[in-house]
Each structure stands twice: as C-alpha cells, then as structure tokens.
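Asker: Dropping a structure here in structure tokens format, bear with me for questions.
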Amino acid sequence: MDASAYGQISPSVPVWLNKGDNAWQMIAATLVATQSMPGLVILYASIVKKKWAVNSAFMALYAFAAVLICWVLLGYRMAFGDELLPFWGKGAPALGQDFLTSRARIPESTHTHEDGTKETVEPWYPMATLVYFQFTFAAITLILLAGSVLGRMNIKAWMAFVPLWLIFSYTVGAFSLWGGGFLYQWGAIDFSGGYVIHLSSGIAGLTAAYWVGPRLKSDRERFPPNNVLLMLAGAGLLWMGWSGFNGGAPYAANIDASIAILNTNVCAATSLLVWTSLDVIYFGKPSVIGAVQGMMTGLVCITPGAGWCFFSGFFITAILELIYVIKSTDGINAGLVQSWAAIVMGILSGSIPWVSMMVLHKKSALLQKVDDTLGVFHTHAVAGLLGGLLTGLLAEPELCALILPEKTRGAFYGGNGGVQFFKQMAAASFVISWNIVSTTLILLFIRLFIPLRMPEEELQIGDDAVHGEEAYALWGDGEKYDPTKHGRVTSLFGEENPVARNANDAVGVTINL
C-alpha cells in the first residue's frame with residue numbers, strides 16, 4: 001500500500017486527518033440526515049389524515065432547512081463552543097474557513113484523569129464534518145417535536161418556534177451533556193441523544209401540545225393514516241438511518257461504533273416484536289402502526305447507552321446463574337452476552353412504553369387533555385428516560401473510562417454504580433425541567449404576535465386552506481370538487497386554469513411538456 005495515501009500530500013490532507021474516520025463520520029451524518037429528509041417527511045405525510053399530509057410534511061421540511069441556517073450562524077458554538085455558562089456555550093458563527101478546516105475539537109470537553117493528565121475530545125477530521133454531523137441531530141430533534149402538534153399548529157407560529165427553540169432549549173441540553181457542560185463534567189451519560197434529543201423532544205412536544213391546544217374533535221376521534229405503505233417506507237429509512245445515529249456517536253470508525261450499530265438493531269427488532277406481541281395478546285390482531293411505534297421505542301431506548309451495553313454481561317450472567325444455577329460461566333461466549341444485553345433493553349422498551357401509551361394514558365386526566373398527535377411523549381420521552389436509567393444500571397466500567405471524564409460504572413457492577421444511577425436521574429430532571437420552562441416561555445412569547453392554533457376554518461379544510469395544495473389529485477376526502485372552497489386551479493408552472501362553473505364539472509390540470 002502506498003504510504004503517501006495517508007500522508008500530507010496536499011493542503012486538503014493534513015497530517016492529523018484520518019481518512020477512514022472522516023469518511024465514516026460523513027456517511028453517518030448523511031444517514032442521520034436521511035432519517036429526517038426524506039424519512040420523517042414521508043412518515044409524517046403518510047401517517048396523518050389525508051387532509052394534513054402536505055402540512056405535516058412541510059413542517060418537517062421547513063425545520064430541517066431552518067435549523068441548518070441557525071446552526072451555522074449561532075447554534076453550533078452555543079452547543080459545542082467555549083463556555084458562557086455551565087450549561088451554555090458562547091454563540092458565534094461556524095462559517096469561517098480557518099475554523100471549518102481546522103481539526104475538530106470540543107474545547108470545554110477537557111477533563112483531568114486520575115493520573116493528572118488532561119484530555120480534550122479531538123476527532124481525527126475537520127471541524128466542518130463535526131458541525132454538519134451535529135446539525136443532523138439538532139434538526140431531527142425539532143422534527144420529532146413536531147409530531148406532537150401535527151394537524152392544528154399555525155404554520156407561521158411553527159416557523160417562528162423552530163429557531164427560538166433551537167437556540168434557547170436544544171443548545172442548553174447539548175452543551176450540558178455533550179459539549180463539556182456541567183452534566184458532562186459531572187459524569188452523566190448520554191451516548192447518542194437519549195436525553196439531549198428524545199427526552200427533550202418528548203417533553204417539549206407534550207408542553208407545546210398543551211399550549212397549542214387540541215385538534216378538532218372529529219380529527220381526534222378519527223385520524224387514520226392516508227398511506228400505510230408509505231408510512232412503512234418512512235419508518236424503514238428511520239430505522240436504517242439509526243446506524244449513523246448511534247454508530248457515529250464515538251466520533252470514529254472504531255470497535256465502539258460497530259458494537260453500537262449491532263446493539264441498536266438488535267434492540268429495535270426485539271422491541272418491535274414485543275410491542276406487536278402485546279397488540280396481538282390484548283387486541284387480537286397485530287397493528288402496523290404499533291409495530292412502527294415498537295421499532296421507535298427500541299431505537300430510542302438503546303440510544304443513551306448503545307456503546308455501553310456491549311459489556312453488560314455482568315447483569316445478564318447473574319440472571320442466567322440464578323435461573324440455570326450455573327456455577328461457571330466459561331461456556332457463555334461474548335456473542336451471547338452482547339445479544340442478550342440489547343435484547344433485555346428491547347424487551348423493556350417494547351413493553352413499558354406500550355403500557356404507558358395503552359394503559360396509563362387512558363387513566364391520566366392530564367394526558368387525556370393534552371392532544372399529543374403521534375404520541376411523541378410515550379415513544380420518545382418515556383423510552384428515552386428508560387434508556388438513560390438503564391444505562392445507569394448497565395454501564396460497563398472499562399468502557400466508561402475510555403469516554404467519560406471520570407471513572408464510573410453502572411449500579412449492577414457494584415462500587416460507586418449507585419452514584420451513576422443517581423446522576424442519570426438528576427440529568428433527566430434537569431432536561432425535563434428546562435424543556436418545560438423554555439418551551440412554555442417561547443410559545444407564550446410567540447402567542448403575543450401569532451396565534452398558536454389555526455383558525456377553525458383552516459382546521460376544517462386542512463392542507464388546501466393552509467397551503468393551497470393537496471397531497472393527492474383527489475378532491476378532499478372523497479367529496480366532490482367545490483369551486484367556492486378550492487378557488488382557482490393552477491398548473492405546475494403557475495398558469496391559471498378556468499375553474500368549473502358547476503360543482504359537478506370535472507377539473508384537471510394540463511401540463512405542456
């Protein structure tokens with residue numbers, strides 16, 4: 001092999017650049033971006049009632065674009081830059097050539113080991129790669145949050161909400177847990193976003209749903225997906241993209257990334273099967289929507305500790321010894337332990353959020369009052385919290401020492417493991433509290449200028465009233481074309497076509513190629 005391939009042969013290949021790590025990180029970033037665009041765009045457009053397909057897809061599309069601009073102008077360095085407050089970084093643009101071409105570095109991640117040596121997170125690729133990779137996480141957080149308010153939030157209010165929530169809510173959680181803030185330095189664990197992304201989006205989504213208000217009664221009572229097959233396509237993109245979600249978290253193409261990807265997929269598959277089994281047991285038939293929800297909770301639950309449950313064999317082996325009265329574990333190889341570790345989390349993530357959504361939700365007056373359209377609270381907040389707490393139980397000491405600023409371990413490993421579990425609970429409390437307060441203040445501020453909820457007329461009509469467009473070339477939900485309702489008809493190129501004189505007249509669009 002030509003050694004010059006890894007040497008400094010041009011200004012674009014500095015000596016610190018690891019081409020393998022850089023290539024994998026850009027692939028991982030693209031996979032995560034694909035989860036949002038087109039993954040969640042397709043999922044949202046197809047899982048809602050037909051009259052809200054365009055609006056739901058556009059909310060995701062807009063958030064993806066708006067977050068990117070706000071991220072490079074201000075957000076990235078608020079989340080991963082120099083410290084302003086223990087929970088917040090100094091905002092500044094991330095667009096300068098010198099900044100983007102320098103080696104990636106998270107300045108406030110500097111920590112001191114027991115031997116007195118200091119270490120700072122410095123991946124072997126340029127800052128431009130890290131900026132884009134972290135953007136994809138910020139974008140998907142806003143898009144997941146949107147799932148709670150689909151079908152009634154004023155699109156103009158949403159357009160104002162996205163940049164404000166990114167700056168005043170997301171960056172706080174990201175800096176605190178990932179950017180070197182007080183929770184990171186304290187030793188709280190969030191491998192790839194169980195708290196920063198999923199717990200935040202679930203709690204903020206529920207809070208936003210409360211302030212925006214519910215959908216129309218008719219929509220709440222009947223809200224069937226308009227295209228189940230496309231919904232599965234969007235869910236598939238979400239699942240496959242999660243390999244970049246958790247596999248990119250170690251910031252390198254290393255063994256930890258491989259284990260994270262394997263554990264992610266095993267946990268998701270287990271959770272899907274458990275959720276589907278519970279649907280069959282209690283409702284008599286499997287639900288496709290339920291399967292997607294089970295897949296989601298499995299992916300969310302494994303996220304806080306995907307790279308740590310590789311070695312959670314202590315807990316699993318203990319269970320096996322109790323059940324089978326095994327005196328020696330020499331016959332249990334690493335492959336069995338790895339699989340069971342992720343499967344245990346999958347069983348819990350497929351059952352606890354199911355109970356939360358199907359049982360507790362119906363008994364809670366608050367959850368009944370708040371209209372969380374896609375159940376983001378259950379699939380993300382509950383599952384994310386579950387994953388974070390399980391990480392406090394199963395985090396393996398040696399692997400924690402490789403990544404965290406101080407030595408720690410899960411509660412099942414004895415020693416100071418109970419302290420780690422407490423840290424996980426405290427970190428979750430901070431994330432929950434901050435998102436409730438910040439989301440409330442942001443929405444109350446927006447409400448001073450823009451109504452948060454659509455007018456009743458728009459709620460009755462849907463996409464055609466909000467955007468002047470519909471998802472399919474079928475008028476409404478099966479009713480005949482009404483010229484007084486739909487107004488003028490335009491071609492793809494903006495040319496106006498005559499509107500039918502009678503409601504029963506056929507109207508089409510002609511495109512000259």
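Cβ coordinates come from backbone N, Cα and C, glycine included.
Caution: TrEMBL annotation is automatic and unverified by curators.
Take a look at what TrEMBL says about it:
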type     : residues : note
TRANSMEM : 23-45    : transmembrane segment
DOMAIN   : 23-308   : domain 'Ammonium transporter AmtB-like'
TRANSMEM : 57-79    : transmembrane segment
TRANSMEM : 131-150  : transmembrane segment
TRANSMEM : 162-183  : transmembrane segment
TRANSMEM : 195-213  : transmembrane segment
TRANSMEM : 225-245  : transmembrane segment
TRANSMEM : 257-283  : transmembrane segment
TRANSMEM : 295-320  : transmembrane segment
DOMAIN   : 334-472  : domain 'Ammonium transporter AmtB-like'
TRANSMEM : 340-360  : transmembrane segment
TRANSMEM : 381-405  : transmembrane segment
TRANSMEM : 425-450  : transmembrane segment
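Are these features on the surface or tucked inside, and what are their neighbours?
Answerer: Below 8 angstroms of C-beta separation, residues 53-54, 56-57, 59-61, 64, 123, 125, 129-130, 132-133, 135-137, 139-140, 143-144, 146-147, 150, 227, 230-231, 233-235, 237-238, 240-245, 247-248, 251-253, 257, 292, 471 of the same chain, each at least six residues beyond the ends of the transmembrane segment (23-45), sit close to that stretch.
Within its own chain, the transmembrane segment (162-183) is flanked in space by residues 62-63, 66-67, 70-71, 74-75, 78-81, 83, 86-89, 91, 106-110, 121, 134, 137-138, 141-142, 145, 190, 195-196, 200, 204, 427, 430-431, 434-435, 438-439, 441-442, 445-446, which lie at least six positions past its ends and keep a Cβ under 8 Å from the stretch.
Here the transmembrane segment (195-213) has long-range neighbours at 137, 140-142, 144-149, 152-153, 157, 161, 165, 169-170, 173-174, 177-178, 188, 300, 303-304, 369-373, 376-385, 387-388, 427-428, 431-432, 435-436, 438-440, 443-444, 447, 452-453, meaning same-chain residues at least 6 beyond its ends whose C-beta is under 8 angstroms from one of its own.
Non-local neighbours of the transmembrane segment (225-245) in the same chain are 27-32, 34-35, 38-50, 53, 137, 192-193, 261, 264-265, 268, 288-289, 292, 295-296, 299, 303, 471-472; each lies 6+ residues outside the stretch with a CB under 8 Å from one of its CB atoms.
As a whole-number mean, the pLDDT of the domain 'Ammonium transporter AmtB-like' (334-472) in this prediction is 85.
Residues 154, 156-157, 160-161, 164-165, 168-169, 172-173, 176-177, 183, 188, 190, 195-196, 199-200, 203-204, 207-208, 211-212, 385, 388-389, 392 of the same chain lie 6 or more positions beyond the ends of the transmembrane segment (425-450) yet place their CB under 8 Å from a CB of it.
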Asker: How many helix, strand and coil residues does the domain 'Ammonium transporter AmtB-like' (334-472) contain under DSSP?
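Answerer: Split into helix, strand and coil, the domain 'Ammonium transporter AmtB-like' (334-472) gives 105 helix, 1 strand, 33 coil.
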